[in-house]
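Here the structure comes first, spelled out in C-alpha cells, and everything after it is commentary.
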Amino acid sequence: MSSTPSNASSTTQPSKTAAYSILVLIIATLSAGMPYQVDIKILLLLALTFTVLIAMLDGWRFTLIMDKMRSGIVRAFPALCIFILIGALIGSWIQGGIIQTLIFYGLQILSPAFFLPASLLVCSVVSLATGTSWGTAGTMGVAFMAMGQVLGIPAPITAGMVVSGAFFGDKLSPLSDTTNLAAAATGADLFAHIRSMLLTTVPSYLLSLVAFYAVGRHYHLAQSASSTQVSELLRALQQHFVISPWLLLPIVAVLMMSVLRVPALIALMGGALLGVLCSVVGQGDSVASALNAMNSGYVSHSGVATLDTLLNRGGIINMMGTFALSFMALCLGALLDELGYLRVAMQGLLQQVKRLGSLVALVIGACFATNGLMGEVYLSIIVNGNLFRQEFVQRGLQPAMLSRTLEEGATLTGPLIPWTTAGAFMGGVLGVSSFDYAPYTFLNLINPLLAIVFAFGGLAVLRVPAKPTPSEPTKSKLHSAE
C-alpha cells in the first residue's frame, strides 16, 4: 500500500494497488454471496468494511473516511426521504381506495394482448410529463402490477414494463433531474442533449413496444381462463370498497404538482394526505386508522385471496429494508468517489481505447459499473462526465454525444442493480427484485446495446463541425475584390 499522509485530502492521488484491491474485493464479495442467497445488505456491509480497512491501510484516517461517507448520504438525502414518503403515499392510497379504483377501471379497459404495450405508453407519458420515474412507478406502477397479476401476466414481466416506461421519461423529459444533470455535467445544451437522445431512444422504444406486444399476445391465450378471476375481483372490489372516479383526483393532483415543478417531497406528502382524506371521507375510516396506514401499510381482510395479496403493501415500515440497502450502497459509493479509487481504475482502461465504438462501449460499461459500485445514478453521471469529457473533446465529438451516452449507461442501467437507489426503490415499490425484472426491461437493455452498435457503424455520431482555416475566408475576399 502507499504511504498516503494521514491528513490526505480527496484530491490526493490514491494508490493503484489499493484501488484495484478494493474493486476486486467488492466484486468477489458480491459474486461469492449471491449464489448462496446471502442478503444483499449483508454483502454490501462486508464490502464497505473491506473498503474502509484498505483505505486505512492506504493512509486515510478513520475520521476522514467517516466524513466522506457522510457526504455521500448528504448528497442523496432527498432520495432517502422519498423512500419514506412513497411508502406513506402507497399505504394511504390503498387505505383510501385510490389504487383500488384505478385497478377497477383499468381491468375493464385492458386485455392481456394489449395490456403491456398500452401500460408502457401510459407510464411513458406520465414520466415524460412529470420527469420522475419514481413517482410514475409509485403511483401508476403499483396499479399496473396488480392488474397484471389479475390478468395472468407474471410480476417480473409487468415490473419490467413499468421500469421501461418510467425511465423513458426520466431519460428524455426536460423536467427530469438526470436529463438536466447529464447536460450540465458535459456542458451540452439541454435541448441539444434531448435531440441527441432521440436518435437512439426512438428506435429502441419502438422495438420495446413490439417486444411487449409479442409477450402480451402470448398471455392472451390465457385470457379466457382468467376472465372469471377478473370478474370475481371486480365484484370483490365493489363489495369491500367505495369505487368512484372522484378517488382518482389525488393521482391527478400529484401529477399536476410534478408538472408544475413542486418539490417532490412536498408533492408526495400532499398526495399522502389526500389519501388520508379519501380514506376518512370516501371509505369511512377513522383518522387514526388512515394515518396508521401511512406507517404500517394497508392490511386487507376481505377473505378474497387474490385481493388480499394485491393490497397488502405500502407503509413506511415496508420501505425500511430498501432504505437500509441504499444507505450502505451510498456510503460505499462515496468512499470510492471521494477517495479517488474509482477514478484511478477507470483511467487505466481509458488509455486502451482507440475506436469510437469502443469508447462508447467503455462509457456505458463504466456507467453501469459505477452505478453498481457507488449505488447512485447521479454520482455515476457526474463522475463519468468528468472522466470522459476531455476525451470526447479531443476526438472532436459534441458534448451532446457524451451526455446521451451517460444517460444510456447510467440512467437506464440504474434500476437493473438491486442496491442502487433506483433499483432498491423499484424493487421495493413493485415487489419484484431487480434481478427478476431486469430481463424484461426491454428499453433499458435495448437502448445501450443499440447505442454501441450505432457507434461502431458510424450512425448517430455527433461531431463538432470543422472550422474553416484562416486562409480560406481571406482567399475568397481577394477573389471577390478582383
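From the backbone N, Cα and C atoms, a Cβ is placed for every residue, glycine too.
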Ask   = Among 147-165, 356-374, where does TrEMBL put the label transmembrane segment?
value = 356-374
Query = Out of 262-282, 283-303, which range is noted as transmembrane segment by TrEMBL?
reply = 262-282
Message = Can you see whether the transmembrane segment (316-336) and the transmembrane segment (416-435) are touching - at least 3 CB pairs under 8 angstroms, only pairs 6 or more apart in sequence?
response = yes
Query = Can you name the far-off residues of the same chain, 6+ from the ends of the transmembrane segment (72-94), with a Cβ under 8 Å from a Cβ of it?
reply = 100, 134, 138-139, 142, 250, 254, 264-265, 268-269, 271-276, 278-279, 290, 293-298, 311, 313-319, 322-323, 326-327, 330-331, 333-335, 337-338, 376, 378-379, 421, 424-425, 428-429
